[in-house]
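Trainee: Before we start, here is the structure in question, set down as structure tokens.
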Amino acid sequence: MENVSKENARFFLKNIIVPNDRSSCKSESSASKEKQSCGGIKIFLGALSFVYFAKALSGSYLKSTITQIERRFDIPSSLVGVIDGSFELGNLLIIILVSYFGAKLHRPKIIGAGCLIMSVGTFFIAMPQFFMGRYRYEILPSSTNSSISISPCLHDKHQIPLSVLERPQAKINAGCEKEAGTSMWIYVFLGNLLRGIGETPIQPLGITYIDDYASEESAAFYIGCVQTVAIIGPIFGFLLGSLCAKLYVDIGFVDLDSITITPKDVQWVGAWWLGYVVAGIISVLAAIPFWFLPKHLSRPESRKDSNTSSEQSKFITEDNREHHKPYTQQLKIVEMAKDFLPSLKNLFGNPVYFLYLCASVIQFNSLIGMVTYKPKYIEQQYGQSSSKTNFVIGMINIPAVAFGIFSGGLIMKKFRINVVGAAKLSLGSSFFGYLLLFTLFAMGCENSDVAGLTVSYEGIKQVSHYEQALFSECNSGCICSENEWDPICGENGITYVSACLAGCKSSNGSGKNAMLGNCSCVEITDSLSRSSSAVIGTCQKGSECANMFLYFLVISVITSYTLSIGGTPGYILLLRCINPQLKSFALGIYTLAIRVLAGIPAPVYFGMSIDNTCLKWGSKRCGGRGACRLYDSNAFRYVYLGLTVVLGTMSIFLSIAVLFILKKRFVPQDENIAATGERGTVLARNSKDNFVTCDHLIQTAYWPDKETRL
């Protein structure tokens, strides 16, 4: 009944405002123009979808190489978070200028230029691989990849290579750090910064271009299609990451038969650089179509009379009717700059926009932190390799996100949901999504049994973790380095930090097939069989952990789908609660806030929190702390999931406030429809009609020029 009443009111107003001499049927000329406009917007839609695919592929590939970059440059997770946040920093540098001034300029060409800059940044990330030395995964600097030392128990100090003994920092020569290439991560930082600069115009200018020239009914569906196609990018990005993670980092430069570690080893580094070369080429191709697209398209007939959609007309009113005229005049840069502060004041004076912005910032802190370290979480929590982790995320989680975003757009179109309904749908998806995340706390694996770190050398679980615990009576006759990480797996199922710390006195074979014997520490926990042998690598987690991993995947997929349903309704809410002239600017400010307050800090403080759960740090070849080799699984789970859920819960409360304000101002009631002056005066009253005019939505005595308020 409410929809019928609204339709009657709209029809009633249309008959009043539209001149009497307008024909009810479209002329052949107008039909031809509308058909041409439809074709043009579809071409732009296809080009924008491919750009979203390209930027999403390179962005997701970066997420898939987080652990690879951490190991390659021997840096902690917090520093990797800084590198990841540099993309958002690039957005920060120019987002306001691009979103505000770009709306008045040639939007397609600006997007094309951004794609070229994005490709340059992607190539720049891969550059360190060609300038730094070959990857050295062994702990002993004196060794080479072709002749690695297993480092068995040594009784005589003179047998120990000088590199094993602790050396003062002053003795580290200046050329060592340069050879190790640990400072080369700065180039990855700068390359990602360029990627952020190039990606800046794509979202605010591309989405508003569609919303300007697509019909009102199709705008939400088109935006949903763009976002859905964009999800294909992360699918290919993570699959590309899975493929490259299987390939050794120096493939083509070293003899692969001489490599003594496997992809499951915590020191393994895949060909992380190769995917960035592929992503850079795709970004160049994506830029080409935008140089041939027009600056403007003809508007659909249903939207020619006003720059506002019917949804916006319920929330936006302007006493100055000149704003309803097409905004076609070319403004000078100085004139546009004068409107900057009033426009900014207008946006932040809009309570719906401001509260939704705050809710989104907090929610994106949760989501960005979760997505950034999800591959690392799966690797450390469930003992999976980087290759398998990326494959699982690309083939299971990402399609669920795509289906969720598409479902949100389809629901909006099929049921013609208004702005209040969009707010409800967005809130509901967030509530049930974070509710499902709570169940993941119970789906973790216990710590691996590592002698001296998580269990004692007798196999007893221990609570405190100290480096001094690495030494025990069973290896007291050996002279070992506590900074070494060259794990072996004893037949008793316990992992030892090194063969030396396991008290192994003999070794047979070489490389991956080496067998260690006479391991005194292995023998004391397996006194019945008196077995004392071990193999290279860490021990695998039990079957219970494999089952937990399957449960995790199921809940993770459902959660991803549920949270993604609210994506498109959230966009529509954002676009419909602001002045149409400020859509690009509003999206730019929205994107800026997400980048600055979520994209930059979230990976950093998530990474710092995760670093605090590390049990065993690696050591750099030239001294100093390197990347973490072993985490406390329980602490990692509580920190990672806890931060995600707490931030998500905070965003839900703000989303409730947004819905409350919308419902308070969007109250169906009887209404007088009046129009005065030269436009004519009409008074209509119908107690059954539930039509709301802007005067009931907005009550303010102050109405500056070119400002919109809720």
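Backbone N, Cα and C atoms are what each Cβ position is placed from, and that goes for glycine too.
According to TrEMBL:
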- 39-58: transmembrane segment (TRANSMEM)
- 44-666: domain 'Major facilitator superfamily (MFS) profile' (DOMAIN)
- 79-103: transmembrane segment (TRANSMEM)
- 109-127: transmembrane segment (TRANSMEM)
- 219-249: transmembrane segment (TRANSMEM)
- 269-293: transmembrane segment (TRANSMEM)
- 299-323: region 'Disordered' (REGION)
- 353-371: transmembrane segment (TRANSMEM)
- 391-411: transmembrane segment (TRANSMEM)
- 423-443: transmembrane segment (TRANSMEM)
- 468-520: domain 'Kazal-like' (DOMAIN)
- 548-573: transmembrane segment (TRANSMEM)
- 585-606: transmembrane segment (TRANSMEM)
- 639-662: transmembrane segment (TRANSMEM)
Trainee: Who are the long-range neighbours of the transmembrane segment (219-249) in its own chain, taking Cβ under 8 Å and residues 6 or more past its ends?
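Mentor: Same-chain residues near the transmembrane segment (219-249) but 6 or more away: 41, 45, 48-50, 52-61, 63-65, 68, 72, 129, 135, 206-207, 210-211, 256, 259, 263, 269-275, 278-279, 309, 385-391, 393-395, 398-399, 401-402, 405-406, 408-410, 412-413, 567-568, 571-572, 575.
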Trainee: What residues in the same chain, six or more past the boundaries of the transmembrane segment (423-443), come closer than 8 Å to it by Cβ-Cβ distance?
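Mentor: Cβ under 8 Å, 6 or more out: 363, 404, 408, 411-412, 417, 548, 551-552, 555-556, 558-559, 562-566, 569-570, 573, 637-638, 641, 644-645, 648-649, 651-652, 655-656, 658-659, 662.
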Trainee: Can you give me the average pLDDT across the domain 'Kazal-like' (468-520), rounded to a whole number?
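Mentor: Mean per-residue confidence for the domain 'Kazal-like' (468-520): 79 out of 100.
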Trainee: Helix, strand, coil: count each for the residues of the domain 'Kazal-like' (468-520), based on DSSP.
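Mentor: Within the domain 'Kazal-like' (468-520) the tally stands at 10 helix, 11 strand, 32 coil.
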